[in-house]
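If you look up Swiss-Prot, you'll see Lys81, His82, Ser83, Thr92, Lys108, Met109, Ser110, Thr120 marked as phosphate binding site, on the strength of similarity to another entry. Swiss-Prot lists Gly88, Thr90, Leu243, Ala246, Glu255 with the feature K(+) binding site. Residues or ranges marked as substrate binding site by Swiss-Prot: Arg168, Lys187.
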Amino acid sequence: MRMIDIIEKKRDGKSLTKEEIEFFVNGYTHGEVPDYQASSLAMAIFFQDMNDEERAALTMSMVNSGEKIDLSDINGIKVDKHSTGGVGDTTTLVLAPLVAAVGVPVAKMSGRGLGHTGGTIDKLESVKGFNVEISEKDFIKLVNDNQVAVIGQSGNLTPADKKLYALRDVTGTVNSIPLIASSIMSKKIAAGADAIVLDVKTGSGAFMKTLDDAEALAHAMVRIGNNVGRNTMAIISDMSQPLGNAIGNALELKEAIATLKGNGPKDLTELVLTLGSQMVVLAEQATSLDEARQMLIDAIKTGKALNKFKTFLSNQGGDDSIVDSPEKLPSAKYQVEFKAKKDGYITEIIANEIGVASMMLGAGRQTKEDVIDLGVGIVLNKKVGEHVEKGENILTIHTNTKEIDDILYKLDNSITIESKGEAPTLIHKIITE
């Protein structure tokens, strides 16, 4: 088999066989296929697309390129949730203990964040002593004992994807549905999930800005999952404005605690209940979405979900007293109010710009080496569709420096007030095939 033949075949719009895809992935992973041929094939895929069989073969070749996490010793159906990312996306922090409280095993592998705010691990590390560097054996035991644990991304999972991702980044082939879908799904499958719930974001703060693109990606990932024997479904949710009210690590953790107590923002609570219901049904802990939703609402009302979160924190060395005393979490020196310049309705809060402002405060990383300031960030007091009066506080900036003119300027250009406005739809579609 020759790489040039595979490139020409795809360039001409023909379908590649499983063997041809495996030949490319194995060769590229081991350095036998040079970057220039890999980038040529990536560009051919970008223009000619791939059918469902090719996408599944590419995904599984990437899964098989490295180590796989074996979660078979964990009792029950392991359901993993993946979000395509956004601003103020606190869902994992609420969802993991919530679904665990009704018997869904959550064996979560999480990373650190690059960009607007930290990843799930950065947020959890706002809790003094919390440790994700645990052995696979301890990880499995924690999930069997308490239904929920989080481990740092470890081992050599999907090396082919890491290599191909870096190449796509510099060759103009990032925005290709088959390449994005296989990249995301290979990581989830290698991490040992039996079933997968996807939260595909759309809007200004999302990777997929339009609903059509988000839908195409959701269908692609769901089909890959179902084709390789993993029950998969997707929800398309709005990210035109930040999710919830908090953007920043400790601030988002405080918001997660409030949500587990039943006092969280409406949109975050609704998204968590929607995603959680799907997870509970896929884990076969309920027979209908309505039954699953009621189980989750009860777990919040009775305090079961909150207790699960406490045990989860203390099991991994974290100080669980922060659940009852969130003021113990890292906080910023100064709080600066950002006030409305006129009366009206908020029609726009550009999610990614708010995210960038939060990163400028120190809540996120621009490079891998950056140190995150866990206490800083932004808390929205108003959301799109809500009425404000001139001089009313729209958001509060939590900062450790008074030099924030550039951030105020950015916020000024990210929020629009007009004479009428309405709240965006939170959940656009549910995709099961």
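Please read every residue number as a count from 1 along the shown chain.
Keep in mind that glycine also has a Cβ here, set from the backbone N, Cα and C atoms.
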A 10 Å Cα radius around Thr120 (phosphate binding site) captures, of the binding-site residues Gly88, Thr90, Arg168, Leu243, Glu255, exactly Thr90
One should report the C-alpha separation between Lys81 (phosphate binding site) and Gly88 (K(+) binding site), rounded to whole angstrom, as 16
Within 10 angstroms of the C-beta of Gly88 (K(+) binding site), the count of other C-beta atoms across all shown chains comes to 31
Residues that sit under 8 angstroms from Ala246 (K(+) binding site) by C-beta distance, when 6+ apart in the chain | Gly88, Thr90, Glu252, Lys254, Glu255, Gly377, Ile378, Val379, Leu380
For Lys108 (phosphate binding site), what is the secondary structure state per DSSP, taken as helix, strand or coil?
-> strand
Among Lys81, His82, Ser83, Thr92, Lys108, Met109, Ser110, Thr120, the annotated phosphate contacts, find the widest CA pair distance and round it to a whole Å.
-> 13
Spatially speaking, which of the binding-site residues Arg168, Lys187, Leu243 is closest to Met109 (phosphate binding site)? Use C-alpha to C-alpha, please.
-> Lys187
Rounded to the nearest angstrom, how far is the Cα of Leu243 (K(+) binding site) from the Cα of Lys187 (substrate binding site)?
-> 24
Chain-internal residues near Ser110 (phosphate binding site), provided their CB is under 8 angstroms and they sit 6+ positions away = Thr92, Gly119, Thr120, Ile121, Leu124, Val132, Val150, Ile151, Gly152, Gln153
Measuring CB to CB from His82 (phosphate binding site), give everything in the same chain under 8 Å that is also at least six residues away in sequence.
-> Ile184, Lys188, Ile196, Val197, Leu198, Asp199
Going by Cα-Cα distance, pick out whichever of the binding-site residues Ser83, Lys108, Arg168 is nearest to Leu243 (K(+) binding site).
-> Ser83
Using all protein chains in view, find how many other C-beta atoms are within 10 Å of the C-beta of Met109 (phosphate binding site).
-> 25
Surrounding the recorded K(+) site, with Cβ no more than 8 Å from the Cβ centroid of Gly88, Thr90, Leu243, Ala246, Glu255 and those residues left out, we find Asp89, Pro242, Gly244, Asn245, Ile247, Leu251, Glu252, Ala256, Pro265, Leu268
